[in-house]
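*Asks:* According to TrEMBL:
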BINDING   H285, H334, H399, H575  Fe cation binding site
Amino acid sequence: MSPSPYKPITIPKMVPTSICGAASTCRSLKQCPSPATPSFQISHQPKQKPNFIATPRHKSKFNPTLVSTPKWSPLQRVAASALNTIEDRIIKDLLEKPHPLPKTADPSVQISGNYAPVGETAPHHDLPVSGSIPSLINGVYVRNGANPYFDPVGGHHLFDGDGMVHAVHIKNGQASYACRFTETERLVQERSIGRPVFPKAIGELHGHSGVARLVLFIARAALGIIDATHGIGVANAGLVYFNRRLLAMSEDDLPYQVRLTDNGDLQTVGRHDFSGQLRSAMIAHPKVDPVTKEMFALSYDVIHKPYLKYFYFSPDGKKSPDVEIPIDGPTMMHDFAITENFVIIPDQQVVFKMHELLRGGSPVVYDQNKTARFGILPKYAKNASGIKWVEVDDCFCFHLWNAWEDAATGEIVVIGSCMTPPDSIFNESDEHLKSVLSEIRLNPTTGKSTRKPILASTDQVNLEAGMVNKNFLGRKTQFSYLAVAEPWPKVSGFAKVDLLTGKMEKFLYGDNRYGGEPYFLPKDASQMGGEDEGYVLCFVHDEAACQSELLIVNASDLRLEASIKLPSRVPYGFHGTFIRSEELNGQA
């Protein structure tokens, strides 16, 4: 087989514009100036497997693990070469190159600046610390993100990248850092073949070229060139520590278990199906009840019925039977909520219509003729007969921060960030995106709803990515800690919002400094402490100095406690969690 033109990314290349349009000079750690002093502000079922796995041949440039070479028959080698030629000469050159990419699928926009990928970093110990790490913080903060292994050769959306987990281990006031790719079935095969062979769900699957890439994918799978029977997901979005396992997730596949080693490293154990109980994908935001320790989850399908299923796990990992949720068609279901007794299931206006590919469009569609609604289902329901749907006009929440039952009114209170336009993350729009922190009240008796902004109009800012104190998940909460996504989609700080009064305090990172999701770590692992007694952890990157760090901020008064300087650049990413030392001691 001839040498492949597809190369793994070694050092992020200089690109013309960042995701928000500003030029970026941040390239590699060696090219960065010395870190600048930060400036902070506080303001108030299996088919036949192909002959794929072979004897290990060489090590990856990124990973210490060995890389296999495909063990193809002569016929498969000829077919693989022919399909590669079809992809390069017809799909790329004839179908894609003549058409300009939308910003939502343009690599020069989606993965530029500090959104650009990085290589793996082996454990670095005894990191420089400014201030003092609180003595109560012992464990590891892990955060997931999309980090493409190969240079994009066509359309690429930020969500398409391979999963990489960044880990900061903290013990007795000292810290170490490491980052590793999650070794998904997809990544292992592509790295072995030497080129991307699985379609990118958002960046590539649009229009007629998207149809062509789907046909190419089906052909490669049918000929045994790739194995798609064990998942094609990227595991780049969520992280949860459940039943003694750290699970990396994206809603296109089963979770992947990642083990945290004693020396501060990360190792992929493999695709985790809960001992054969889980046979479908699971969304990236399962909910762990702080009282019962059960984990609740959804699974959606964009092709086949049932389009949506609900299930839960006991604390020791035993899965409940699936409950099929009746919806008219496949719907974007990135998140949901739980209360003490119910699960709250959003059926909103961003839907999947695969036939739009044939019309030259995106299969992710904003359906303006659909009325958004929320389903209220008892947690332990055996079927969906008891679900109660409540309509909420013009509502799309990509994330829901919490929900609880209001005993005085009989309503369900849902806290979420409502986005307009709803599909602007996936489809190019001239309209400026707004993400409004909102209180949504659902009345299961009358079927009526109300929705109102929590912040005053004069305080309105985009608030996306964050959380409440997880010890109070599903119960009435006063505070939420959310990313200030300004200038969109960069994060210039985080806000502590009083959900009852609308009061907001901001912690701003300073000029040319941006971060991601703020993670709230309670001081106490139980529910004994006050709701805002704890710390906010967040990765922050100084784009001028090209220096990344982990900040630890006192959640009560927004006072900076410590800054941990990191040995390499941490790209802006998605969601994380914290695993306490006592939990790690029992890791499976």
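Cβ coordinates come from backbone N, Cα and C, glycine included.
Here the structure is a predicted model, which means the values were calculated and not measured.
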*Asks:* Comparing the binding-site residues H285, H575, which residue's C-beta has the most other C-beta atoms within 10 angstroms in this structure?
*Replies:* H575
*Asks:* Applying the rule Cβ within 8 Å of the centroid of the Cβ atoms of H285, H334, H399, H575, what extra residues of the same chain belong around the Fe cation site?
*Replies:* A237, G238, I283, A284, D335, F398
*Asks:* How many other Cβ atoms are found within 10 Å of the Cβ atom of H334 (Fe cation binding site), counting all protein chains shown?
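*Replies:* Excluding its own Cβ, H334 (Fe cation binding site) sees 20 Cβ atoms within 10 Å.
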*Asks:* Around the C-beta of H399 (Fe cation binding site), how many further C-beta atoms are within 10 angstroms, looking at every protein chain?
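*Replies:* 22, counting other Cβ atoms within 10 Å of H399 (Fe cation binding site).
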